[in-house]
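Summarising the annotation, TrEMBL assigns region 'Disordered' to 1-24. The feature repeat 'PPR' is assigned by TrEMBL to 131-165, 232-262, 263-293, 294-328, 396-430.
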Amino acid sequence: MRSFSSPTPLDPSTKFRTNLKKRYPGTKRPPCVVQSLFDLASQGNLSQVVSSLDILVQKGIRLPSKALAHLLRQCGNARSLRYGKWVHLHLKLTGLKRPGTFLANHLINMYFKCGNDVEARKVFDRMSVRNLYSWNNMLSGFAKMKKLKAARRLFDELPERDFVSWNTMVIAYAQNGLSDEALWLYRELRRVSIGYNEFSFAGVLTVCVNLKALELTRQVHGQILVAGFSSNVVLSSSVVDAYAKCGKMGDARRYFDEMPVRDVLSWTTMVSGYAKWGDMKSASELFHRMPEKNPVSWTALIAGYARNGMGYEALTLFAKMIVFRIRPDQFTFSSCLCACAGIAALKHGKQIHCSLIRTNFRPNTIVVSSLIDMYTKCGSLETAHRVFNLLGNKQEVILWNTMISALAQHGHGKQAMRMFEDMARSGVKLDRITLVVILNACSHSGLVQEGLGIFNSMTGDHGITPDQEHYACLIDLLGRAGCFEESMTQIEKMPCKPGSRVWNALLGACRIQGNLELGRKAAEHLIELNPQSPDAYVFLSSIYAVLGRWELAEKVRQLMNKRRVRKEGAVSWIEIDNKVHAFTVSDRLHPMKEVIYSVLKELARHSSFLNTER
């Protein structure tokens, strides 16, 4: 009886020969092996191509340099270090232990793309002849891997530099936040007069954006115009972004309007800029004029609405985004959850959470922390805690910070302390924000000794020097407990001059405890530091009124009017038929004012009836 068994798998070299026969049937000898390798490599069959190199070695065939370079390029693009090393071994076996400059450059590029700078450096060091491309290749590799010290050493050793060498270093420093070094090298590039291209301005524009440096932006903008690169869309978008970051939306808009070609990035930059500075009318108008929108454009406007207290508008736009089948990303979901938190829209927050689960959205730190924050601010602390506990990987400090802050907001100071201790035991390295939120937790729960212990151990145990925000938390902690003498002692001991946050914390504590004299001093300091702070004026005026100093109270009010300081009115929200309505005290402009006031009258009548019954 004949037995049937599964066929024996073909080894890669047999597969290669079989594929050649299938591809070119009826021929005794397959056509160009090189072209076949090119085809297979381009189709992503790297394992088959690389494994088949042994056949070429056995037959004494050496591939031409261009074919080997193409193969190394494919290995680098696939980030396959294993196959890249195999090709490198093939070079050695076929007599190219020390490949020429052309192939060595491709080897260096492949190793850097695969994240192995050690092997790249070995190839570079063994090169008998190096051209300028070899040096720039090494510079670019180190820069992309953020090995800036190694890149700088190599840059200093360069026997010859062109503008590509300088551009690489300027961009590397700028992208890694080392603005001073980037600016110094950019100025040196301009001084040596070896020429430049459009990339020469990319790094310094990144510095302009990072530093929000208006004068520098104007200088670079002028240099771009003189150099004749104003038609470059990427550079023009960066100039617009730099003006927007500096708050000069008028300059940004003028340059944007002058651009001969505008891509989706330049439009989105303008929308994002308007949204950041609170001009949501202009942001919305420009967004709706965009000829093409991408998820980033939608998210920029949604985030702007959420950031500027327009939660309902943010959620409405998100709903439209879903209708148009635009796929939201983590930043979109995070912004929408922030909008829900801002207007306490638990129902909408739950719907977004369900959408995340339904679409198998991979949870990440940004979205999970936003979920925790949303449930907390919507009054569902238990659900927030459940979200935190269900997360498998809790090594991100922001998640712990968000959960500790949630417990602090609900007055669960002891639970926050336990979580703080759990965090330390889990090996997560805390940051300055962790200490801010735990000090706030102690403050709101009256845990004075615990808070003092944490504050005093900041530098010694955690290597974090207290800043203005930490001192503000400490003053709030002591002030709420009525320890005003110790509060003033801590303010006097501060290594720097106390800022508005510290005096604001003391003012708040004085308001709670009724300490009028110290509150007056705090308010005066606060007005001096922050002339636009309405709370300080109002509190100072009320103190003078309580003390019977009416002329001083009137002077404070007059000063407030002179400086055009306005106290922000409180806003309340109510959801009716899936629509959120916002209204203020004595609001006579709301379209449902008649219904609202009739309900208030009924509540007031009901309240007085109950009081009479008692």
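Cβ coordinates are placed from backbone N, Cα and C, and glycine is handled just like the others.
Caution: TrEMBL annotation is automatic and unverified by curators.
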Q: Using DSSP, tally how many residues of the repeat 'PPR' (131-165) sit in helix, strand and coil.
A: 26 helix, 0 strand, 9 coil
**Q.** Contact set, same chain, for the repeat 'PPR' (294-328): CB under 8 Å, 6 or more residues outside the stretch
**A.** 264, 267-268, 271-272, 274-276, 278, 280, 283-284, 287, 335-336, 338-340, 342-343, 345, 348, 571, 579-580, 582
Q. What is the number of residues in the repeat 'PPR' (263-293) that are helix, strand and coil, as DSSP sees it?
A. 23 helix, 0 strand, 8 coil
